[in-house]
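Here the structure is laid out as structure tokens; the discussion comes afterwards.
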Amino acid sequence: MKIAVYGKGGIGKSTTSCNISVALARRGQKVLQIGCDPKHDSTFTLTGFLIPTIIDTLQSKDYHYEDIWPEDVIHKGYGGVDCVEAGGPPAGAGCGGYVVGETVKLLKELNAFYEYDIILFDVLGDVVCGGFAAPLNYADYCVIITDNGFDALFAANRITASIREKARTHPLRLAGLVGNRTSRRDLINKYVEACPMPVIEVLPIIEDIRVSRVKGKTLFEMVGFEPSLNYVCNYYLGIADQILSQPEGIVPKEIPDRELFSLLSDLYLNPIGGGGQKKNNKENLLGFTRI
């Protein structure tokens, strides 16, 4: 099974992806996580360091695939999760989609692409072009990470459009949304009411999740010396269980941009009728920052 994880930049995709990967491994799956971001920090909390990228390795070998061994590009992370970082083209040049394609090509050359029960693609930011959407060409399911803010849901809606487009030619389905770092879900509920899709899980604001990223550890590793965090791991184990159940998934129909803006703005301007929130919370409601 191949899963592509998308969401607004900075929403917590990599931290969530790493914890889901470990949760899947805890359920007995052989897991490979592929980071698809030029920052090549997707697997940082699994390995504790920035591993060499596929592109760096290919360049060092002058793109001679026959000179590359699996251990050159596949690194062992916490919990037995294997890790790969695709890397990216130089800033302002090249295409991220090409890099993803080269990564998959190399893994196939190494007979590694089909050796895993689960391959999880952790993909940068919003989908703004076909290059960023390239991992969807290989995925069975897409999982969208969001929060209860306007910007994150707007990005989720754009990703939804890409899923629908790719599903025309690939057996791709949306597994659902995962809410991250949110104490409320009124905007999420409003969105899925207008654009029906499953909500896999909603994680509350938990400071230890952010701290784990800085420490370069997954929550599962931190539980070893902080047993009180076990309840956080249960969120990720629940997500893993839903993925392993091979949900039917859906091909979603995105909401037109102006309609989505109007939908969420109505909740913002009419908080009592739209969700019962006080007007003095409006910055957080829309995900904007007061300057």
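Here the Cβ of each residue, glycine as well, is placed from N, Cα and C on the backbone.
Here is what Swiss-Prot records for this protein:
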BINDING   G10, I11, G12, K13, S14, T15, K39, N180, R181  ATP binding site
BINDING   S14  Mg(2+) binding site
BINDING   C95, C129  [4Fe-4S] cluster binding site
Inter-residue C-alpha distance, G12 (ATP binding site) and C129 ([4Fe-4S] cluster binding site) (nearest angstrom): 21
S14 (ATP binding site) - helix vs strand vs coil (DSSP): helix
R181 (ATP binding site) to C95 ([4Fe-4S] cluster binding site) - Cα separation in whole Å: 31
For ATP, whose listed binding residues are G10, I11, G12, K13, S14, T15, K39, N180, R181, the greatest C-alpha pairwise distance in Å: 22
Whole-number Å value for how far C95 ([4Fe-4S] cluster binding site) lies from G10 (ATP binding site) (Cα to Cα): 21
Winner by Cβ contact number (other Cβ atoms within 10 Å) across the binding-site residues G10, G12: G12
